[in-house]
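Novice: From TrEMBL, for reference:
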type	residues	note
ACT_SITE	Cys114	active site, proton donor
BINDING	Pro31, Met32, Val33, Gln85, His184, Ala238, Arg239	FMN binding site
DOMAIN	30-296	domain 'DUS-like FMN-binding'
Amino acid sequence: MIGDIIESKECRRKDPMELFRSGQVVKISAPMVRYSKLAFRTLVRKYSCDLCYTPMIVAADFVRSAKARDSEFTTNKGDHPLIVQFAAKEAQVLCDAARIVCPFADGVDLNCGCPQRWAMAEGYGACLINKPELVKDMVRHVRNQIDNPKFSVSIKIRIHEDLKRTVDLCQKAEAAGVSWITVHGRSIEERHQPVHYDAIKIIKESMSIPIVANGDIKTLKDAENIHHLTEADGIMVARGLLANPAMFAGYEETPFKCIWDWVDIALEHGTPFTCFHHHLMYMMERITSKQEKKVFNILSSTSAVLDYLNDHYGV
């Protein structure tokens, strides 16, 4: 809750752009509904993740409701650099949300990539890629109204069938002062089709700001290959990190140390059981047999999970 994190206001702020200026590929944990919360961000930061995003937060609700702010946004001293991702369709609402999180985070990101029907119906997410002037206006408003020059303003997009339209959108956002752009290399209609890494490369070649590649990155080797394919400045990973939070540290599957770290962190943060259990189900997917999964996945209490881990893996 915001009230719990005021102490982090001054001393822990970071400039996310310094990561991109380092010359190293920036390793980023994606915004994931239900999963990119503080406890999980704490875990991936232990395993070489450079930059973390919150789950997408609806800016209008966040601005309007203290209850929404308390339930949607939690952070602490070690949770930096941190980007808060918002769904918004009005420049001033995005600015108001950015102002609220500015003392506690290192930047905001405008979601222009979520293809879910509810988001599109509300005017959020991926439908914004068809409104480049609105995106430009929202970026410019935040730039003009947030005093801290180190506070980043980024956008996350999908691509158009006609890539010229995507390049135009990106160039308009760049002119408005966007810090970097994350490109998920699929169109709105595409779900499981191959990612168009060639499109990300073309966008990168058309821009002078950092570009982050996103889509179907499951291992550190994938991340390295896609960096070479696209020349992107950063790599953003979602499901790959859920399955293996130690991925960026070079582990091919989740090490037992990482599972133990998750147990410690989740219990320390008071993570609800369902979330605690689901993360473990993802993390253990590749290292458990079918029979073990059947047993583990129906466990219904923290104590049962701890007993199982202790009995089977000596964790």
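Glycine residues also receive a Cβ, built from the backbone N, Cα and C atoms like all the rest.
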Novice: Hey, how far is Met32 (FMN binding site) from Cys114 (active site, proton donor), Cα to Cα, in Å?
Specialist: 11
Novice: List nothing but the largest Cα to Cα distance in Å, as a whole number, among the residues Pro31, Met32, Val33, Gln85, His184, Ala238, Arg239 that the record says bind FMN.
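Specialist: In whole numbers, the farthest two Cα atoms are 17 Å apart.
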Novice: On a simple 10 Å Cβ count over all chains shown, which one of the binding-site residues His184, Arg239 is most densely packed?
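Specialist: The residue with the densest Cβ neighbourhood is His184.
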Novice: Including all protein chains shown, what's the count of other C-beta atoms within 10 A of the C-beta of the residue listed as 'active site, proton donor'?
Specialist: 22
Novice: Specify the count of other C-beta atoms within 10 Å of the C-beta of Ala238 (FMN binding site).
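Specialist: Cβ-Cβ neighbours of Ala238 (FMN binding site) within 10 Å number 21.
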Novice: Could you measure between Val33 (FMN binding site) and the residue listed as 'active site, proton donor' for me? Cα positions, answer in whole angstrom.
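Specialist: Checking the Cα atoms of Val33 (FMN binding site) and the residue listed as 'active site, proton donor' gives a distance of 11 Å.
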Novice: Given His184 (FMN binding site) and Cys114 (active site, proton donor), what distance in Å do their CA atoms have, once rounded to a whole number?
Specialist: 10
Novice: Within a 10 Å radius of its Cβ, which of these binding-site residues (Met32, Val33) has the fewest neighbouring Cβ atoms?
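Specialist: Fewest other Cβ atoms within 10 Å, among the binding-site residues Met32, Val33, is found for Val33.
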Novice: What mean pLDDT score does the domain 'DUS-like FMN-binding' (30-296) have in the model?
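Specialist: Its mean pLDDT is 96.
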Novice: Please list, in sequence order, the residues in the chain of Pro31 (FMN binding site) that are at least six apart in sequence and whose C-beta is under 8 Å away from its C-beta.
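Specialist: The answer is Tyr53, Thr54, Pro55, Met56, Gln85, Asp109, Asn111, Lys156.
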Novice: Ten-angstrom check, please: count other Cβ atoms within 10 Å of the Cβ of Gln85 (FMN binding site), all chains counted.
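Specialist: Step by step: centre on the Cβ of Gln85 (FMN binding site), count other Cβ atoms within 10 Å, giving 25.
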Novice: Measuring Cα to Cα, tell me the gap between Arg239 (FMN binding site) and Cys114 (active site, proton donor) in whole angstrom.
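Specialist: Pair distance, Cα basis, whole Å: 15 Å.
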